[in-house]
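Annotated features, as they stand in Swiss-Prot:
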MOD_RES   A2  N-acetylalanine
REPEAT    49-70  repeat 'LRR 1'
MOD_RES   S56  phosphoserine
REPEAT    116-137  repeat 'LRR 4'
DOMAIN    150-190  domain 'LRRCT'
Amino acid sequence: MAKATTIKEALARWEEKTSQKPSEAREIKLYAQIPPIEKMDASLSTLSNCEKLSLSTNCIEKIANLNGLKNLRILSLGRNNIKNLNGLEAVGDTLEELWISYNFIEKLKGIHVMKKLKILYMSNNLVKDWAEFVKLAELPCLEDLVFVGNPLEEKHSAEGNWVEEATKRVPKLKKLDGTPVIKEDEEEDN
């Protein structure tokens, strides 16, 4: 089997293709590398101007080495092999959007550090307990959540009470699974 692509190699390819210096670029796309990236290695720390980083559709197992990304606002890690959210603390003060659907995340430990997170797309993961889901209420700015395809959502959607139960536990949500959230008290005002 082919050896994994390193971040350094992927950045060199990206630089060649775009004629931009990775250290100066605001948006860097390293998705769907062949062979796939397996590790978020220390080369990421050179991306000091990066505001949007896409590493989706690779084989990354751990979130790591984000400490140099002082301006990161959008991180795309969908379709990888990520099992937990450890490693996000380095971008806790800047990250506004986390796209992490189609991974293997069961627990939301570590999510509370995301002080500015407004958008969380984490469909098709493995979250099955309300005890984990309620950790999302600790995010002061979270407004838009996509959670479809997690065992918890599937169970409660089948029972017909997903939206009601989810918005009760995370009341600040304005959008859930792509649909605007309509609050009971707002309906009465009309």
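Glycine is no exception: its Cβ is also placed from the backbone N, Cα and C atoms.
Over the repeat 'LRR 1' (49-70) the predicted model carries a mean pLDDT of 97. Taking Cβ pairs closer than 8 Å, the repeat 'LRR 4' (116-137) reaches residues 78, 93-109, 143-152, 155, 165-166, 169-172, 177 in its own chain, all 6 or more past its ends.
A Cα-Cα distance of 19 Å separates S56 (phosphoserine) from the residue listed as 'N-acetylalanine'.
Using a 10 Å Cβ-Cβ cutoff, A2 (N-acetylalanine) registers 7 neighbours. Neighbour density for the residue listed as 'phosphoserine': within 10 A of its CB lie 21 other CB atoms from the protein chains shown. Residue counts for the repeat 'LRR 1' (49-70) under DSSP, helix first, then strand, then coil, are 0 helix, 3 strand, 19 coil.
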